Structure formats: structure tokens, C-alpha cells
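Novice: Quick paste from TrEMBL:
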- B:G13, B:P14, B:S15, B:G16, B:V17, B:G18, B:K19, B:G20: ATP binding site (BINDING)
- B:6-185: domain 'Guanylate kinase-like' (DOMAIN)
2 protein chains.
Amino acid sequence: MRSERGLLIVLSGPSGVGKGTVRKALFEQEDIHLNYSVSATTRKPREGEVNGVDYFFKTREEFEEMIQNNGLLEWAEFVGNYYGTPVEYVEQTLQQGKDVFLEIEVQGALQVKKAFPEGVFIFLAPPSLSELKSRIVGRGTETEEVIQNRLTIAKEEIDMMDAYDYVVENDEVALACERIKAIVTSEHCRRDRVSKYYKQMTEAE
Amino acid sequence: MRSERGLLIVLSGPSGVGKGTVRKALFEQEDIHLNYSVSATTRKPREGEVNGVDYFFKTREEFEEMIQNNGLLEWAEFVGNYYGTPVEYVEQTLQQGKDVFLEIEVQGALQVKKAFPEGVFIFLAPPSLSELKSRIVGRGTETEEVIQNRLTIAKEEIDMMDAYDYVVENDEVALACERIKAIVTSEHCRRDRVSKYYKQMTEAE
């Protein structure tokens, strides 16, 4: 009972929230039926990194050619190196009815959303957000400046969420993984996806 | 990281699909944090049935008074007896931030949806729906009449789904339970629910 096309699952969130850690823990689990989309980059491989597994390692010329040919779903430059998501793997895997998982920066996620609005966008949130309330209530232990500073950051993080479908708190990596798995299962049960599939099936008659 | 108010989860589907079996299996699990809303009825208690556990047993006069006072979220009459969902328990439990689970008929679910459009509506689908395709493909073993009859029923079932948020196939009771649990977890992570909560938290400052 799956839709014919796979789901595109995008995990993103503010830098430092632990996206990479959660993604690794998720793919270490045995009952995962997600396909990780390997990024392309122009940075040099680090010791032990394998081309096609950790990254697709490219020259600047190759990467710029991919940009020119619309070969990237999203890309950005960080400290002199390009990073991006090759569109071909994503497209092919989805067409095979398999789910694709991306773990990318917030700016990249917004680019992907433009190309794949039907994707499932998950915002990984720092636990500090939900701790905020007790901090505010428990005043006296922290200065007004610290609290106001934390509130300003929190408001920015909350504004970032607006483009996403789900918010998963990274309070514990194992819990965050469970929530992401539940979201994937649940999205496969969404009526608009399922009934479209059934309707095609009966109308083919 | 929950919204302040609990979620109303409504399980429904065509008669005979196994709603009661799935609901019982779900509530036998230990990690379930759902509160089952006990129905009211005018039918006589069967051997072993406990008032307030299996049903709230009411006289016709009491039941009709509940109808008059808008005390029921939904109600219907089957073979001379009233059945309905008392609104008070549902409202109080949701206000305590706890999730409420209803298992009701399709007509009742449509009534609940009018009162609680923010509820989570799950349609339990017979496995025969997804088996339909192989039946159609595997023709020759079944007569044209059988197939056309099955298709007519399938189209009615698919039309019923339109008011629901999710479709869970009851191919195996344990799998159906897992999907329902995933939907509940996932709904608690929905950005619109979570960010509203965060916004209230920061704007209270």
C-alpha cells in the first residue's frame, strides 16, 4: 500500500543541532528503508572517505558544469568549497518507488522545497527550545541579558521552521530517530497519497 | 514538546473491517499513551460488561436528554438502540493535554469531524482494496461479474476515505497498530502544532 513514487525526506535544522549524528544513527538501524542521497563536493577527501559513499568528489570544473546543466537539486559554497545534491540519483530512486533521504543545511532545504514541494520537510530542533520555558520560569539563576539573548535566537529558529512540515526535537538521538521513522511511516499512510493510488487502480478499469 | 491540548484520534472504516480488533490490540500494548473514550448506549449490558469500562449504560430517557443537551459528540441508532460519544470526557481529557482515541462508525466520524476538524481521522481499509490490483491482473480465475462487483464496492470505500487524513490497511492487526502509533507520534511533531506552542511560549515574554 505505497504510492507508486517514493517519498523525498529532507532533514535539516540550524547548524550545530546534530543533523549528521541523527542521520548516521538512523542509517545504522536495520529496519530502515530509506536511501541516503550522497552529496557532491569539491573539497578533498579526508582519510577513509570513499567516493560515492561519503561524497561524490568533484573538481570545481565538474561541479560548475553540474550547476550549469541543472544537475543539482540544491548547492552552496562554504569556505571555498562547493557542496550540492545531484538531482539524478534522487529522481531515479523516487521513480523506482523508493524513499530518498537528504540531510542538508537550511538554505539547501529551501531550494529543494521549490523543486519538490511534495517532499517531507523535517526540522531538527535543539532541545534548548523546549527548555526555554523552564528557563524563563526559573529566572534568577540567569541574567536578563542571557534570557533575552536566548529568546532572540529562539525566535529566529522558530521562524526558520515555517517552511517545514514537521519539527523533531533532538533531545536524545534515539528518540529523534524514532520520531523520524514514525513520520516516514505516517506519510506513507496519508490519505491524499493512498487514495490517489487506489483511484488510479480502479479507474484503470 | 507537545502542544498544550491533546490530540483527538478517530479510527473508523467500513463495517467488518476489524476496527474493534485493532483498537483492542492497540490498547493491550504497554507504550500506548492514548485515552479510550467509552461510548454511551441504551442497549443492555452483556455478561461481563462493566459500566464505565465497556460502555456507559443509559436508559432511553437519559440518552435522549444527552442528545437534547448537546452532550454527545456523535450518536446514531442501530437496531433499536442508541450509541454515542459523550462530549464531556473527550473535552476534559483533551484539555488536560492528553490524547483521546475514538473507534466509531463512518457516519459518526463525519459528525465528529464537523465538531473537531482539528482531529486526526484514520480510515481503516480492508486489505482486499490493495489486493484488487492483483485480482484484476490475475483474471480468468474470477468471473467478470465478481470483479465488477468488487470494483463497485472498492470505489465506494475509496470515496468514503475522502474525509480522512490517513488510510491504514488492516492487512495484519500488529502492522495496523504500528501504523496508528506512528501516525500519533508524527502528528505530535507537526510543525503547525509545535511552532504554535513555541510561539506562545516566546510571545508570552
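Numbers run from 1 along the shown chain.
Keep in mind that glycine also has a Cβ here, set from the backbone N, Cα and C atoms.
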Novice: Can you list, in sequence order, the residues of the same chain other than B:G13, B:P14, B:S15, B:G16, B:V17, B:G18, B:K19, B:G20 whose CB lies within 8 Å of the CB centroid of the ATP site?
Specialist: B:L124, B:P126, B:N170
Novice: I'd like to know the mean pLDDT over the domain 'Guanylate kinase-like' (B:6-185).
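Specialist: Averaged over the domain 'Guanylate kinase-like' (B:6-185), per-residue pLDDT gives 90.
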Novice: Which one is it: of the binding-site residues B:G13, B:P14, B:G16, B:G18, which Cβ has the fewest other Cβ atoms within 10 Å in this structure?
Specialist: B:G16
Novice: Across all the protein chains here, work out how many other Cβ atoms are within 10 Å of the Cβ of B:S15 (ATP binding site).
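Specialist: There are 7 such Cβ atoms around B:S15 (ATP binding site).
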Novice: Go through B:K19, B:G20, the listed binding-site residues, and name the one with the sparsest Cβ surroundings, counting other Cβ atoms within 10 Å.
Specialist: B:G20
